[in-house]
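Quick notes on the structure that follows.
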């Protein structure tokens, strides 16, 4: 999503880019990374366009500025919308990817996309995630020809990042506003507030929409620690595995049961690795065929 369908006329000139995110903290909805880029010669004009940190602007002003930058031929933009299911899956998978890494990957993905268009990026300004110095070194290793400026509160220091902040925030707001709930549960409603864990309306929505077995609707980032408190009385999930390798039975049904806490979301990392390496926790279908999980596949 963005203005990438048309390569700007000024793309062959030295260009600058700003990158910022929206929705890093909420327990609901996507996280959005946005970028704004333009010719370096347009930098002074950019300072006069009233861009500011999107958090300091009212919604109608953000919308107005977003529409203005979209219609400005001297500006171009792009976004990466990361679905809450993807966020949770990456953070809970066997080889976990934390939120900082996800953020870094998204920002670098935007840079790759714009470079592939043929845009001559020479400077990129980014609102930091984690330590600014380490982040800057990481980016410079991947993109050695680009000068990076990574700073805290970059969205209030550099107009090009302020513009990116508006792009990201408006895109996230619209995504939440137009979100289609996949679930068709009775009494499901959209009054979920801001989506931040401390918002009373969000808390009420989470309480109303939890399920003791299936958890939350897909709008929710169930990897957030906030979610655990809602399932203290939830149903325990028992996974049946085949008999121990020595043929011993652990219960009257001849099956050993592995119990996972928090509605099947988490378990001991060490215990999971032991089960995986021994093969005891695998379905008999896979054991009998000596099938193992692949972590790398070569064509």
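Cβ from N, Cα, C; glycine included.
Note that this is a predicted model, so its numbers are computed, not measured.
TrEMBL tags one of the stretches 220-241, 242-263 as region 'Disordered', and that stretch is 242-263. On its own chain, residue 20 (divalent metal cation binding site) has 33, 34, 54, 126, 127, 154, 155, 161, 164, 165, 167, 168 as residues at least 6 apart in sequence with a Cβ closer than 8 Å to its own Cβ. The Cβ centroid of 20, 21, 127 marks the divalent metal cation site; residues of that chain outside this set whose Cβ lies within 8 Å of it are 19, 22, 33, 34, 126, 129, 154, 155, 161, 164, 165, 168, given in sequence order.
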